[in-house]
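Take a look at the structure set out below.
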Amino acid sequence: MLSFDWSMDALPLIRSLTDLRTIQTVIFYLGLILLVWFGLWTSLTSRTKDTNGKSHHYINGRNGNSNGYSYQCNDHEHLSSSHTEINDISAQNGTNSHYGSRTSLPTTENVVAFSLGLLAFPFLPATNLFFYVGFVIAERVLYIPSMGFCLLVAVGLRSLYVRVQRRSSRRVLLFCSGALVILFGMKTVLRNQDWQNEEMLYKSGIYVNPAKAWGNLGNVLKSQGKMDEAEQAYRNALYFRSNMADMLYNLGLLLQESNKFSEALHYYKLAIGSRPTLACKYNSSLFIDNLQASWLWLCCVQATVNKGCGYVKGK
């Protein structure tokens, strides 16, 4: 499931070792370590074998003794030299020959190493390990790492396809791969529809982060002149998280514009009770009457010296 915002405990934190997600995390890092070992260590050992396993030495362009007299030309080498001459002539004439050398593809180990780097390194700045970034998780920092993940999936499917010998098993593997591409392609198309406008985007996040989604949806509906729907959206947001000072203020402001002054004053007080410094920020727009303006100014002064505004929530 995707969401535009994962704040406000949308993703519950792990607070105990008995949490099932702890086991999932351990399994993930063990798998990551195994992939690193496969990508780096296997590549290193294969290169060492290639370096130490050369059995043919060419001296003066011929395979044999250094004096050159024991060399015997066979038909295979004659054909090879003929092919070389043909390639040289084709190259001079600007034409291509099917005898030309092909560019070697990267090994599986190198692709795994590259995929792991693409998966891990772009994500490091957003992990809060080196400096504070202000959020726990966000989809926007996973775009480049997701490329590395997709490469790993493709390499894994290819390796499995090569190792499977039965034709029926290969067909099943191809079918599963095609179904995977179609499934996530459809999910991408559906997700793109959520980004057509702000209203659809915030509605899509209600199931993941209801407090933030309802609050932002209320702002959009209010800008569209849908006051009743906006008021209900604000109340829904406060139902899931009742101490959001900004949301209490927004609801109070909407009620004030709807000439519901007594109820607006109630939500203004609740907002300042949740965050006393809010009075200093918004006191110029809360002048319902002179008494309220004086009381807000007092709240601002008291909040400056960290004494609060003297208002107890619920009274």
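Quick reminder: no glycine exception, Cβ is built from N, Cα and C everywhere.
Positions annotated as domain 'DUF1736' by TrEMBL: 2-32. Proximity of distant same-chain residues to the domain 'DUF1736' (2-32), defined by a Cβ-Cβ separation under 8 Å and at least 6 residues beyond the stretch ends, is recorded for 116, 135-139, 191, 201-202, 204-205, 208-209, 211-213, 241.
In this model, the repeat 'TPR' (211-244) carries an average pLDDT of 94. The repeat 'TPR' feature in TrEMBL is assigned to 211-244 (among others).
What TrEMBL records for 245-278 (among others) is repeat 'TPR'. Within the repeat 'TPR' (245-278), the DSSP-based counts of helix, strand and coil residues read 28 helix, 0 strand, 6 coil.
TrEMBL lists 20-40 (among others) with the feature transmembrane segment.
The transmembrane segment annotation in TrEMBL covers 111-135 (among others).
Per TrEMBL, transmembrane segment is recorded for 141-160 (among others).
Within the chain carrying the repeat 'TPR' (211-244), a Cβ under 8 angstroms from the stretch's Cβ atoms is held by residues 4-5, 7-8, 10, 198-199, 202-205, 250-251, 254-255, 257-258, 274, all 6 or more beyond its ends.
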